[in-house]
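Novice: Feature list, courtesy of Swiss-Prot:
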COMPBIAS  253-262  compositional bias 'Low complexity'
COMPBIAS  265-276  compositional bias 'Basic and acidic residues'
COMPBIAS  410-423  compositional bias 'Pro residues'
COMPBIAS  432-445  compositional bias 'Low complexity'
COMPBIAS  446-455  compositional bias 'Polar residues'
DOMAIN    3-119  domain 'PH'
DOMAIN    151-259  domain 'IRS-type PTB'
MOD_RES   Met1  N-acetylmethionine
MOD_RES   Ser48  phosphoserine
MOD_RES   Ser269  phosphoserine
MOD_RES   Ser290  phosphoserine
MOD_RES   Tyr295  phosphotyrosine
MOD_RES   Tyr336  phosphotyrosine
MOD_RES   Tyr340  phosphotyrosine
MOD_RES   Tyr361  phosphotyrosine
MOD_RES   Tyr376  phosphotyrosine
MOD_RES   Tyr397  phosphotyrosine
MOD_RES   Tyr408  phosphotyrosine
MOD_RES   Ser415  phosphoserine
MOD_RES   Tyr448  phosphotyrosine
REGION    253-328  region 'Disordered'
REGION    398-480  region 'Disordered'
Amino acid sequence: MDGALMEGPLFLQSQRFGTKRWKKTWAVLYPASPHGVARLEFFDHKGSSSGGGRGGSRRLDCKMIRLAECVSVVPVTVESPPEPGASAFRLDTAQRSHLLAADAASSTAWVQILCRTAFPKGGWALAQTENPPKFSALEMLENSLYSPTWEGSQFWVTSQKTEASERCGLQGSYVLRVEAEKLTLLTLGAQSQILEPLLFWPYTLLRRYGRDKVMFSFEAGRRCPSGPGTFTFQTAQGNDIFQAVEAAIQQQKAQGKVGQGQDITRTDSHDGETEGKMAPTPVPQEPLGSPPALYAEPLDSLRIPPGPSQDSLYSDPLGSTPAGAGEGVQRKKPLYWDLYGHVQQQLLKTKLIDSKEDPIYDEPEGLAPAPLRGLYDLPQEPKDAWWCQARLKEEGYELPYNPATDDYAVPPPRSSKPTPAPKPQGLILPESGTTAGSGSKGSDTALYSQVQKSGTPGRWDCGLSRVGNDRVGVKSEGST
């Protein structure tokens with residue numbers, strides 16, 4: 001098995017059901033070798049992973065950190081340490097952050113050895129404060145009064161998944177620096193292991209910002225380089241970041257007010273000096289009474305002289321004079337006023353002569369009388385045609401009223417069905433006592449000497465008078 005670089009007790013902070021607590025573990029740091037990668041393992045109790053000790057050591061579930069994924073190892077300050085005199089440090093990976101603690105000496109040693117193992121290219125040896133400073137050839141000493149503006153204002157944060165962070169490609173751990181005028185997000189370089197600026201947000205473009213026990217969040221405006229959106233960072237120092245941002249904003253406000261006052265004072269003094277050195281040059285004014293030249297401007301660009309507001313184009317009927325036109329100051333007539341007036345009078349005379357045309361603006365819109373309806377505007381559909389049979393319908397309540405009789409005009413009575421003419425009756429002949437063929441010639445001659453015709457139409461009589469012995473009869477409709 002690989003030999004351990006360092007091992008010892010470490011307190012690991014865990015969070016369960018919203019409660020943070022410290023758990024004491026036994027940590028073992030393994031370097032990179034042909035048999036394994038560099039890693040930090042945690043066990044329940046002291047013991048060697050090679051089988052030594054009482055029954056060997058049992059590793060905690062999912063408690064192994066690969067140092068190849070380590071992003072940073074920095075000391076931090078916690079409010080409630082696991083025991084008095086303990087110092088904490090945070091180990092950040094691409095997935096999450098681990099908060100560890102040990103006594104002061106062990107914590108410093110753990111940070112040093114972890115940095116050497118995780119970042120072998122950098123010189124991470126901690127400076128010994130007890131040793132005197134080494135002078136170079138130029139004999140340069142460190143200035144104890146010098147400190148960068150962001151010292152104490154850099155915080156390790158872990159980006160949380162939001163719409164804005166996904167758009168900017170933020171994932172993992174970064175350093176958030178609170179500067180005097182902006183928030184800057186730093187990341188470690190791929191080769192130099194130096195913090196390089198990635199994004200920044202000026203305070204004047206932040207819409208709002210806030211903090212929680214485990215995170216710090218702010219909303220950027222649309223004019224920020226990152227674009228609009230909310231950025232959330234997980235950190236245990238959210239309150240410290242919030243206070244630093246608030247102090248920077250208040251300081252920037254105070255500087256802005258002082259700068260505005262200085263600018264105003266400088267502007268006033270500069271204006272006073274300018275007025276004392278040089279007086280304004282008088283602008284030549286044109287004489288008020290000089291009339292405009294006739295052809296100074298084209299006809300289309302003639303301007304109406306300033307005066308009271310004129311009435312609208314169709315506010316009054318044609319030819320009417322607005323009230324108060326002759327009172328007050330007389331208006332100056334335009335250049336071609338006489339010509340326009342003459343043309344308007346000619347048009348008015350033409351309209352008055354033509355009596356067929358109606359005036360255009362005599363009546364207001366919408367108040368003209370409605371035209372009379374024609375005779376056939378409202379046709380009525382005839383009903384009961386099968387009963388009327390094209391005859392005039394005569395009923396008492398629909399006939400015209402007669403005021404003389406206080407009644408409706410009653411139609412004349414209808415004629416009854418026509419009766420046919422009476423049938424003609426046959427001629428009744430007196431009965432003769434003699435038989436036919438008996439008698440003398442004289443009687444027969446007297447009987448049939450005359451033929452009687454009836455004037456009744458439809459009746460026919462045929463009478464013939466013969467002289468002889470033959471008997472001639474008269475036939476009628478009544479005879480058989």
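Here the Cβ of each residue, glycine as well, is placed from N, Cα and C on the backbone.
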Novice: Reported in the order helix, strand, coil, what are the DSSP residue counts of the domain 'IRS-type PTB' (151-259)?
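Specialist: Per DSSP, the residues of the domain 'IRS-type PTB' (151-259) fall into 31 helix, 46 strand, 32 coil.
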Novice: Averaging the per-residue pLDDT over the domain 'PH' (3-119), what integer do you get?
Specialist: 80
Novice: Over the span of the domain 'PH' (3-119), count residues by DSSP class, listing helix, strand and coil in order.
Specialist: 18 helix, 60 strand, 39 coil
